[in-house]
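Copied over from TrEMBL, here are the features:
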- A:447-474: compositional bias 'Basic and acidic residues' (COMPBIAS)
- A:481-494: compositional bias 'Basic and acidic residues' (COMPBIAS)
- A:19-439: domain 'Major facilitator superfamily (MFS) profile' (DOMAIN)
- A:447-500: region 'Disordered' (REGION)
- A:17-37: transmembrane segment (TRANSMEM)
- A:58-79: transmembrane segment (TRANSMEM)
- A:91-124: transmembrane segment (TRANSMEM)
- A:145-164: transmembrane segment (TRANSMEM)
- A:176-195: transmembrane segment (TRANSMEM)
- A:257-278: transmembrane segment (TRANSMEM)
- A:290-313: transmembrane segment (TRANSMEM)
- A:325-345: transmembrane segment (TRANSMEM)
- A:351-369: transmembrane segment (TRANSMEM)
- A:381-403: transmembrane segment (TRANSMEM)
- A:415-437: transmembrane segment (TRANSMEM)
Amino acid sequence: MPAPAEVGRAPGPPDGGWGWVVVFGAFLSIGFAYAFPKGLAIFFKEIQDFFGTSYSEVAWVSSIMLATTYGAGPISSILVNRYGSRPVVMFGGLLCGVGMVSAAFCTSILQLYVCVGFITGFGLALNLQPSVIIVGKYFLKRRPIANGLAMAGSPVMLCTLAPLNQFLFENFGWRGSFLILGAILLHCCVAGALFRPIGARTALVKTPVTEEGNDALKGKITEDGPMENRTEEEEGKDCFEKINQYLDFSLFKHRGFLIYLIGNVLMFLGFFAPIVFLAPYAKHTGIDEYSAAFLLSILAVVDMVARPATGIIANSRWVRPRIQYFFSFAIAFNGACHLLCPLASSYTGLIVYSSFFGLAFGMVCAMLFETLMDLVGAARFTSAVGLVTIAECCTILLGPPIGGILIDTFGDYKYMFIKCGAVMVLAGTFLFIMNYYNYRMLAKEEKERKRKEEDPKSVRTEDEGKKNWNKDSTQDGPELEPLREKGERVKKEMNGTVEV
Amino acid sequence: MPATFSRRCLGCLLLLLLCTRVSGGTPADSAMTTQDSNQTEVNSVTKMQAEHESSGPAVATEKLKPASKQNSQSVSEHEIVLSGAPVEKSVSVPSPTKVELTCKLDENSHLKDPQVTWKKGSETISHTSKSRNSWTIQLTISDSSHLGTYTCILKGEKELSAVFHLQVPKIEGREKPIITYEGDRAVMVCKTEYNPKAWIWYMNMTNGTGQVSIDKVLPTDKFLIKRQSAKVSRLEILKLTKEDRGVYWCEASFDLGTSEARFELRVLSFTAPLKPFLAIVAEVAILVTAIALLEVYSKRKEKRGEKESDQIEQLKSEDVPRRRK
């Protein structure tokens with residue numbers, strides 16, 4: 001039997017190796033999930049003419065798709081909790097393919113709503129969440145980089161899909177294009193095949209303490225694998241505990257989660273509207289259509305570079321422990337860009353605005369899920385992401401229409417930019433202040449725990465300590481443990497400044 | 001710490017609420033119709049800033065707000081402000097009306113007291129001077145001969161000119177070919193900003209006899225012409241076959257003339273997109289199989305490695321107590 005010194009916490013995530021392949025798979029998957037609804041806009045004019053509907057009726061297709069992708073988040077989380085990321089993503093890819101292929105044969109706009117909107121949207125939802133979740137399972141120390149790289153899939157896919165869609169449309173019309181796009185979406189299945197389940201790495205360490213650790217982990221699902229060894233436990237539990245196993249509602253008592261939720265829900269009110277209205281605004285100031293489209297290309301290219309770069313910066317020694325501040329700063333920076341946009345009236349000014357907007361947008365997106373993982377930990381991230389996306393769903397859908405109403409009422413785009421900028425600056429400030437408070441509380445709880453560990457009843461507390469990691473009362477995610485040695489000094493500094 | 005029953009109930013209720021909240025917002029592009037929907041039927045003065053067009057003559061189409069009454073009191077005014085480069089402007093005249101064209105000199109221009117001439121082709125037209133720096137001609141357009149190109153020339157140290165193209169309103173078609181499939185239907189939509197008197201659709205007969213009006217051909221289960229509104233006409237061709245491919249014309253007739261738009265229709269068989277589709281599906285299947293095989297292979301390697309390390313461990317542990325003894 002191995003020496004007792006080897007006993008202790010399960011080995012951490014690999015932080016490399018097959019993890020980079022998983023990041024590539026997530027890159028593909030996330031890229032499709034975010035870029036595909038935007039890329040469909042090329043077909044809308046033709047579909048509008050074909051079915052004789054108004055533009056807004058066709059635009060519903062995109063809205064329904066977006067709503068389903070975000071709204072089906074909890075279902076996605078439940079499925080991942082139950083079956084693991086890989087089967088869910090492969091099923092999602094298949095569903096997307098089926099949706100688009102059936103859309104190629106649609107004879108009415110309602111059928112398009114169902115095939116493209118609901119079915120494909122649901123398939124994309126089953127792609128998005130599991131990809132983000134599995135990146136969190138494979139990485140810890142380099143997680144911000146991994147997240148930044150995975151999220152970079154969105155602008156890259158958009159830049160690929162836009163000309164591809166144009167080419168397909170010119171050669172095959174909208175029906176043929178949908179058929180071929182269905183096949184292209186099947187690549188999500190390939191991405192899913194790369195998502196090897198992880199978590200069973202503890203099999204190498206066959207000690208009784210680890211088994212006890214597994215008992216402690218039974219309270220919340222942490223492993224990616226199926227639940228065969230826990231079925232005996234399930235009979236005794238009541239309905240709510242069962243639901244909690246699939247979707248962790250106790251997160252609503254988690255301070256960090258609530259801060260993140262409120263801040264993000266507020267932020268999304270002003271997040272997407274500027275992108276939607278950038279080209280129309282450019283045309284409104286007299287710029288021709290191609291130059292206006294070029295602005296969006298600049299945005300996408302800057303975005304592409306900004307996301308991995310932000311990941312690298314967020315991973316650095318100075319930023320990682322305070323990543324929430326960096327996130328709040330990125331949101332406020334984004335808001336400041338929008339507030340300054342009305343001052344840019346010439347084409348050069350708009351180019352500068354697009355570049356800064358691309359930078360800010362990339363920064364926020366790269367850290368969107370990283371900060372949530374940082375707050376709740378990889379264990380509960382599965383449920384957290386589902387709950388967050390369904391809450392964001394409403395404001396994401398409200399943002400552009402509210403902007404549109406502002407534009408229609410005042411006849412001027414600047415009020416929309418001011419509204420978006422103000423909302424985002426507000427969200428950024430809120431997150432900054434609340435995270436400051438959160439870091440303080442975490443530092444206090446850390447001190448409490450340290451005091452308990454130094455208690456003479458050390459044996460019991462070590463196991464209790466492990467059990468505590470996965471219970472509701474703990475606000476700190478277990479993933480910070482290996483970083484604690486590095487972050488200790490930084491946190492002590494913070495403690496020092498805070499106490500004073 | 002296990003939460004109380006009531007808290008869990010609250011959690012359930014929250015989930016139900018979130019699920020039942022209808023997540024539909026009005027689509028984002030309502031703003032795009034702002035400019036279209038704000039058209040008023042009022043005469044307006046439009047100004048054209050020449051500073052933008054620094055490279056050669058620029059052609060700009062201007063949206064003339066249609067006059068509601070076709071009486072002699074409705075006058076539409078158009079103005080070009082000159083400062084450097086020559087400027088061209090297209091003015092759409094859908095029905096007989098009075099038109100006032102003005103050339104205005106930019107305040108910052110160095111040209112002082114230029115000699116102004118208005119011409120149509122080679123004919124000079126007398127003009128009036130509305131103000132110190134602007135010169136106007138008034139025209140009554142009552143038939144198509146009055147349409148054409150009107151130029152104002154300002155001669156001084158430099159020569160500046162502006163051109164107005166008065167023409168029948170253009171209609172929008174599709175420059176790129178429309179791609180449809182056998183058995184499907186094709187839809188061609190013709191739009192314009194103004195109300196034409198009539199719409200006529202023509203098609204090129206494949207035996208090369210030129211254009212034939214579809215109204216005359218019209219088996220009603222094959223061709224459907226719908227006038228969706230006064231400004232939009234829609235041709236639907238049902239039950240497409242390969243013979244239906246070719247060029248179609250849409251003609252809108254206005255009081256002062258007609259204008260045309262061209263559509264090209266291509267009919268493909270459904271095997272055309274099917275080939276790339278099957279190729280991509282095959283590629284995906286191959287990739288997934290390859291990844292699965294790779295995983296099985298690496299797992300086998302791992303198991304073999306594990307067995308070996310287990311054996312070594314066993315030998316080591318047997319060794320230790322023997323040594324201790």
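Backbone N, Cα and C define each Cβ position, glycine as well.
A TrEMBL annotation is a machine prediction, not a hand-curated record.
A quick note: this is a predicted structure, and the numbers were derived from the prediction, not measured.
Scored by C-beta pairs under 8 angstroms, the transmembrane segment (A:257-278) has its highest count with A:381-403, from the stretches A:17-37, A:91-124, A:176-195, A:325-345, A:381-403.
In this chain, the transmembrane segment (A:58-79) lies apart from the transmembrane segment (A:351-369): fewer than three C-beta pairs between them fall below 8 angstroms, excluding pairs fewer than 6 positions apart. Counting only same-chain residues 6+ beyond the ends of the transmembrane segment (A:351-369), those with a CB under 8 A from a CB of the stretch are 132, 136, 144, 147-148, 151-152, 154-155, 264, 267, 271, 274-275, 278, 295-296, 298-311, 314, 323, 326-327, 330-331, 333-334, 337-338, 340-341, 344, 385. When each of the listed stretches A:91-124, A:176-195, A:381-403 is scored by C-beta pairs under 8 angstroms to the transmembrane segment (A:17-37), A:176-195 comes out highest.
With a cut-off of 8 Å between Cβ atoms, the residues of this chain six or more beyond the transmembrane segment (A:176-195) that come close are 21-22, 24-26, 28-29, 32, 36, 43, 85-90, 92-94, 96-101, 103-104, 116, 120, 123, 127, 130-131, 134, 165, 168-169. Long-range neighbours of the transmembrane segment (A:91-124) within the same chain, counting only residues 6 or more positions beyond its ends whose Cβ lies under 8 Å from a Cβ of the stretch, are 32-33, 36-37, 40, 47, 51, 53, 57-58, 60-61, 63-69, 72, 130, 175-176, 178-179, 181-183, 185-192. Away from its own ends, the transmembrane segment (A:290-313) comes close to residues 144-149, 151-152, 154-156, 158-159, 275, 278-280, 282-283, 319, 326, 330, 347, 350-351, 354-355, 357-359, 361-363, 365-367, 370 of its chain (Cβ-Cβ under 8 Å, at least six residues beyond either end). Across the residues of the domain 'Major facilitator superfamily (MFS) profile' (A:19-439), the predicted structure has a mean pLDDT of 85.
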